[in-house]
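Features of the protein shown, as given by TrEMBL:
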DOMAIN    191-342  domain 'Fe2OG dioxygenase'
BINDING   212, 214, 268  Fe cation binding site
Ligand SMILES: O=C(O)CCC(=O)C(=O)O
Ligand SMILES: [Fe+2]
């Protein structure tokens, strides 16, 4: 059942019927509809906790909107799965796209780039090398480099062959991505989550990710946070075996998916990455909003100021600086998939 659905949505010719793909934007537009999935979507109300002020400051520090602008949904046939639409500010989206392309793509993080196919310069700074090639008119190498980057791993590096994490294969987890997870944890009420490993997936339009479960972590009870940016995807979520029929969901730029409880170990896949009908990262924020955002970030507690790279956060608002990122993301999707590896109280992987 799962593989059939995967093939159906992956198909290029003829393109698939998207009628059954759950679209929470369409859900909001048509309260009464004939879509097969309409009754499965359950809006979730996020209530502010007692720590209102610190929560709001933390959200703002990592490029998130006030929580009343988030739209949060559950699917009644996939308990534990949460879809959050619209949590990021527009420059917040730019920041995370730029981090994913410029910084999370280079050492100490581990990438899929093949050392036999690319120069040491490309291996040590893929994004810079891509910019150099584009600027020097080396179109061929630029386009090879562009599609070659498919994943990097941060923190505990996922070993794709053994599927076992190893204490020796570990880099520092980026503190800004950890703060982003913390902001979601406080707002959604997850206590004790420690981000320890992330996979950053880079998907040129037309690529896919086949069905799998994420079970390598020693901790399966902690939620998994999945942040999507750039072009849109169809995401399939099924059951714990391949025999169950999956649901298909649209994931758009800025969407956050939380896989917790029963859905944490369920089969999932990305059969299709396709051109988006919206480019939220390019909607120019009104002067009033932008300067308020700047001021607020400037006034933040010192410890929150460090939550993200504040220089980059400022730079991405500059169109000239943003341009190469914009060109890349026009043809790609980036997904950052964050997990806790160790059970609570365990501080390293047992040998
Ligand atoms: O790209 C996505 O939305 C999912 C990625 C994923 O499942 C993974 O990295 O394990
Ligand atoms: Fe996964």
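Here the Cβ of each residue, glycine as well, is placed from N, Cα and C on the backbone.
Bear in mind that the values here come from a model prediction, so they are computed numbers and not experimental data.
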Exercise for the section: Report the residues of the chain - excluding 212, 214, 268 - with C-beta within 8 Å of the mean position of the site's C-beta atoms, for the recorded Fe cation site, in sequence order. Expected result: 211, 213, 266, 267, 269
Handout entry: Secondary-structure category, per DSSP, in which residue 214 (Fe cation binding site) falls
Key = coil
Handout entry: Intrachain C-beta neighbours of residue 268 (Fe cation binding site), sequence separation six or more, cut-off 8 angstroms
Key = 211, 212, 213, 235, 236, 237, 238, 246, 259
Problem - Spatial neighbours of residue 214 (Fe cation binding site) that are distant in sequence (at least 6 apart) but have CB under 8 A - result: 224, 259, 264, 265, 337, 339
Completion exercise
Whole-number mean pLDDT, the domain 'Fe2OG dioxygenase' (191-342), equals 89
Practice task
Report, as a single number, how many Cβ atoms besides its own are within 10 Å of the Cβ of residue 212 (Fe cation binding site).
Solution key: 10
